[in-house]
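Participant: Got a structure for you, questions after.
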Amino acid sequence: MRDSQNTAQTLTESLKYFLKYRDQTVVIKYGGNAMIDEKVKESILKDILLLKTVGIKVVLVHGGGPAIGELLEKYEQKSQFVQGLRVTDKKTAQLALTALAGKVNKSLVQDIIRLGGNAIGVSGIDGKLIEAKPISEDLGYVGEITAIHPEIIERINQTDAVPVIASAGIGLDGEIYNVNADTAASRIAGALSAEQFILLSDVRGLYGNFPDEESFIDEINLTNLEKLVKEKKITDGMIPKIEAIKYAMFEGLGQAVLLDGRVPHALLLELFTDKGQGTMINH
């Protein structure tokens, strides 16, 4: 009886958040170890289905996880790197698209349907969703995002399906480009003027002195975030994520959250409780 009362109390307390986010857009970037662990993946997808059920326009953007590397290895495509970026020839770009849109994307759509929901999978090349141009000749088919055309997402959001987006780009020349998934997700969030952008990662969020838990940052604005970057208190792997978030916020994004995707039901805890889970970044 007490457990039932606690559940009812929790649902009642969550009501204000259901109302806050109803009919609002929440973009979720999914990647890292959260894509590898099947239990974690199922927890995340169940959370997403609940968000959709209570009237939130959820957009799921994903990277390739280990699938791209596995496919390149299978076809004996060796990777070369210039300044930390993978040099991408035309064959590698095609294989990356196969892994992203053919394997990972359709697997996520299949899982969402298996769990009782509905989903439509598209890649960034569909409807010129993610328009890109080459960063440099040295990197080949590595793309810089030049525009987002979100109409295809907006049409899917008018249905009962969750749009699942594979982060590939297409140029005006019709060529396919490898684009950074964090950047793609944040640019999509900005283009949709999303209420919130949630970037799932493998850490809890931001720290003033990582990994000291006492220095964990619950909430920060852009000004103080810049100070952390200048003081080099943010690790190298987190900097591209921060830059992507900053750009999206200038484009119209409301708030962003860095969240540990490995925590069970992290999305629900972040969106529907007072305390939240990760680091919230606001204007």
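Backbone N, Cα and C atoms are what each Cβ position is placed from, and that goes for glycine too.
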Participant: Do you know which of Asn118, Asn157, Asn178 Swiss-Prot groups with Gly64, Gly65, Arg86 in the substrate site?
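Facilitator: Same substrate site in Swiss-Prot: Asn178.
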Participant: Including all protein chains displayed, how many Cβ atoms other than that of Gly64 (substrate binding site) lie within 10 Å of its Cβ?
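Facilitator: Neighbour count, Cβ to Cβ under the 10 Å cut-off: 24.
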Participant: Determine, for the substrate site, the additional residues of the same chain whose CB lies within 8 Å of the mean position of the CB atoms of Gly64, Gly65, Arg86, Asn178; present them in sequence order.
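Facilitator: Here the non-site neighbours turn out to be Gly63, Ile68, Gly69, Ala96, Ala99, Leu100, Ala181.
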Participant: In which DSSP state, out of helix, strand and coil, do we find Gly65 (substrate binding site)?
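Facilitator: In the DSSP reduction, Gly65 (substrate binding site) maps to coil.
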Participant: If you count Cβ atoms within 10 Å of the Cβ of Asn178 (substrate binding site), leaving out that atom itself, what do you get?
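Facilitator: Other Cβ atoms within 10 Å of Asn178 (substrate binding site): 26.
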Participant: Take the C-alpha atoms of Arg86 (substrate binding site) and Lys241 (site 'Transition state stabilizer') and report the distance between them in angstrom, rounded.
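Facilitator: That separation, Cα to Cα, works out to 18 Å.
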Participant: Using a 10 Å cut-off on CB atoms, tell me which of the recorded positions Arg86, Lys241 is the least crowded.
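Facilitator: Comparing Cβ neighbours within 10 Å for the recorded positions Arg86, Lys241, Arg86 has the fewest.
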